[in-house]
Structures are given as C-alpha cells and as structure tokens.
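Working notes for the structure below.
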Amino acid sequence: MECLKAKEVDSHSQLPQPEEPRRGTTFLKTCFNGLNALSGVGILSIPYALSQGGWLSLILLFLVAVLCWYTGLLLKRCMDSDPLIRSYPDIGEKAFGYKGRVVVSIFMYLELYLVAVEFLILEGDNLYKLFPNSGFKLAGLYIGGKTAFVLLTALVILPTTWLKSLGMLAYVSAGGVSASIILVGCVLWVGAVDGVGFHEDGVLLNWGGLPTTLSLFTFCYCGHAVFPTLCNSMKDRSQFSKVLLVSFVTSTVTYGSMAVLGYLMYGEYLKSQVTLNLPIRKIGSQLAIYTTLVNPLTKYAVITAPIATAIEETFVFRDSRYLSILVRTVIVISTVVVALAIPFFGYVMAFTGAFFSVTVSMLLPCLCYLRIDKSARSFGLELMFIVGILMIGSFVGIIGTYTSIKQIVMHL
C-alpha cells in the first residue's frame, strides 16, 4: 500500500493533458496492484485491533471494508466525469479547484510521513526483540535498546533516500501481498506446530477499545490514493469496479484470518505488533520477523520521495543535487526524532488511521463526488448512504483522534 501510494502523490500542477492511447494493464495485474495498495504494516496490528474491541468488532472490520470499497467506487465515478483526471489530487482539483488539490495532497503527504515514522518504530521494536542486549558507543555515550536500532536503521536507510531513481526499490517494496501471506502462514504455523496453540477465549465486546479498533481497521483500507491511477492504467477501465471488489474481499479475508489467529493465540496479551508476541527461538517466528523487517528498508525511500520532491519544488534551485540530499537527510532526521519521541507503534497507527486515513478514504471521496456529480445531491437512497458515511467517518475520526492522542500523551 505505502509504496504504491507514494508513487501516485503528484505535485501541485495543473490537470495533465490527455495522453495518446497506450497499452494498459490486464485485469489480473490490476487486481495484484490493488491488493498491494491495501497491503502494508496494518496487518501486524490487526490482531491487536481485534483484542481492543472484542470478537464482535469483527463486524466493524467488514463494515469498514464495505464503506471503503464503496468510496473507492465513488472515486471511479469522479474519474469517469472527466478524461483529464489521472490521480487523487486531480479529483480534488476537479471538485474544489486548486485548493482542493492542495488539501488532498497535504493529507496524503502527512499520511506518508507518519507511515515512515511507523517503519522506524517497527524496525526498532522487532530488532530489539531479536537482539535485546545490543548497543553501541557514540562520543563516549552508550546507546542501547530500541533507540540504538532506530538510529542504525536510519543510517542504513539514509543513502537509499538520496537516490533519484527508485525503480528497483519500488519493485522490491511492492511485495506487500507476498509479505502478508507469509506472515499469516507463519502465525498459523507458530500456533498449530510450534506449541503456542489457540486457547485464548477473548472477550465478546469491549466498548472502551472500539475507537482504537476502528482507527486501526480504517488504516488497513487506506489505499485510495492509488486507486485513480490504477483505474487509469487499465486496458478496460469499466472492469475497475470488479478489481475493487476482488481486492477488498481478498484483503478482508487476509486481515480477518490474521486477526482471528492472533486473538485466539494471545487474547488480551496481544502487543501492538503480533510479531512481538511470537516465541523468538522458533523458525516460524523468525521468518515472520525477518519478513517484517525487510519491507520497510525498501519502502522508506519510496514513500518519502514525494514529500522530498514537493519540498524541493518550493526552492529556486530545485534541481540542485546538494539541495536534494539536504532535504532528504532532514526528512530522515525528523522521522527519527518523532519515532524516538513517540515510540508507540499502535497508538501512532491509530492516530494516522483516525485523522488521515478516515479523511482520505471516507470523507474526501464522498465530498468530491457530491461536488462533481450534481445529480447525486438529489434526495434518495444513494445520498442517504453517502451522508451516512460522512457521519460515521466524522464520528470515527473525531473519537479515534482524541483517543489515540490521549493514549500517546498518557504513555509519554
């Protein structure tokens, strides 16, 4: 999800001119790309999300999936209204002018930035689990624990952010589907073969944890930034509705399976990343952790590149190589500072889901569609459904943002 989204965040330019007809992607290839857009670090926290809400919150997982699938369809309808539309910011500009493009772009950039922060927290947590007694000295000061691994990860990642051509990294980091399947398989193996078992009962419903649950669920389905470009890339754009259906059904099965397996294995003791619960000396656990560690190393540069490009374009010397290196280095340093200051993977993800993902995946598609298609404003079942999404999205966004910020402050 993250790497695909990063490729599609464009600059504040005017709507592109129509291109000459070119060969598009097939239905199956677009389905794979759609699954990649919905596959990311969210799968690590989906069991934790279920543990926060209880078994009945699985209903909310399916509800969020349906709502986000429908808003994906709304984005397609917005695209059908104008052949010039190529990306999500284009839809924002079509609906609300240049200010609409800016708002959409800002939300996308900030969401990408927080995902980059999440990558560093993830690396620090999981590397510390593998090597709990490691550390190093810097200027006579001993640095150990998760802090050491966050800093080391940043040093490894930093040179990759200086690359102008991210083709190979983008190719490698597009393995979200494979990584998700491997992770589910590893967790199943640990539970069934490595002796952990599936003995936890869990709770039926936990009202107090529902805001966190909903925020994390929404984060898992925030692939909307790439949907317009996927649609535009198809040979037959009329099939994109089917692509969305296949992508959402498949990802929901994957997320649901991981949530149920993790909750049955660890119940209320689940941590923000299911890999942190796995027994470290088991082969299945190690495979799951190493799979988790590899992807962020390649994805970080891909998702921060659009942010860096947007910043560079505000300077007169935008083509300067030194400026590019400086901007990207500052971005890495800033994400390290945030990751060390707020090292709470689950809470940061919940905040991202509640504030940014809800806006990008629920609110903006509905608002843009109502603005572009005047007939949709006529009173009827569709308008009632869209208004319902806006109300639900606003509620989840406000409550989820408040809850996640409160949890972050309490644990600082």
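Every residue, even glycine, has its Cβ placed from backbone N, Cα and C.
Caution: TrEMBL annotation is automatic and unverified by curators.
Note that the structure is predicted; figures quoted are calculated from it, not measured.
The feature region 'Disordered' is assigned by TrEMBL to 1-22. Taken from TrEMBL, the feature compositional bias 'Basic and acidic residues' applies to 1-11. For 24-405, the entry in TrEMBL reads domain 'Amino acid transporter transmembrane'. The annotation transmembrane segment is assigned in TrEMBL to 31-49, 55-75, 96-121, 141-162, 169-192, 212-231, 243-267, 287-311, 323-342, 348-370, 382-405.
The largest share of C-beta pairs under 8 angstroms with the transmembrane segment (382-405) comes from 212-231, of the ranges 212-231, 243-267, 323-342. The transmembrane segment (323-342) shares more Cβ pairs under 8 Å with 141-162 than with any other stretch in the list 31-49, 96-121, 141-162, 287-311. Panel annotation: around the transmembrane segment (31-49), residues 1-5, 25, 57, 115, 118-119, 122, 174-177, 179-180, 183-184, 212-213, 216-217, 219-221, 223, 226-227, 230, 233, 243-244, 246-248, 250-251, 254-255, 258-259, 261-263, 266, 270-275, 292, 296, 345-346, 349 of the same chain, lying at least six beyond its termini, place a Cβ under 8 Å from a Cβ of the stretch. Simply put, out of 96-121, 141-162, 243-267, 348-370, 96-121 has the most Cβ pairs sitting under 8 Å from the transmembrane segment (287-311). If you count C-beta pairs under 8 angstroms between the transmembrane segment (243-267) and each of 55-75, 96-121, 212-231, 348-370, the highest count goes to 55-75. Distant neighbours of the transmembrane segment (55-75): 49, 88, 91, 202-206, 209-210, 213-214, 217-218, 220-222, 224, 227-228, 231, 241, 244-245, 248, 251-252, 255-256, 259-260, 263, 361-362, 365-366, 368-369, 385-386, 389, 392-393; these residues of the same chain sit at least 6 beyond its ends, with a Cβ under 8 Å from one of its Cβ atoms.
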